Amino acid sequence: MKTMKNSAAREAFKGANHPAGMVSEEELKALVGGNDVNPETTPATTSSWTCITAGVTVSASLCPTTKCTSRC
């Protein structure tokens, strides 16, 4: 608390080299397992296939023919 109130004491600690809280990007990736993940891709899950199937089914049921018409 004294350091917070005393500007001279704060200045003395300003240049202190203390690595607490400093983590490199490589260390962060290793911690979360990000080294082996390709961020541009997302694996398809079973819920994705369910949504795709439902979307195609609904779309097909709304269109009376497979030909391109003004109604589709």
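Cβ atoms here come from the backbone N, Cα and C positions, even for glycine.
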Candidate set Ser24, Ser48, residue annotated 2,3-didehydroalanine (Ser) in Swiss-Prot: Ser48
Report, as a single number, how many Cβ atoms besides its own are within 10 Å of the Cβ of Thr57 ((Z)-2,3-didehydrobutyrine). 10
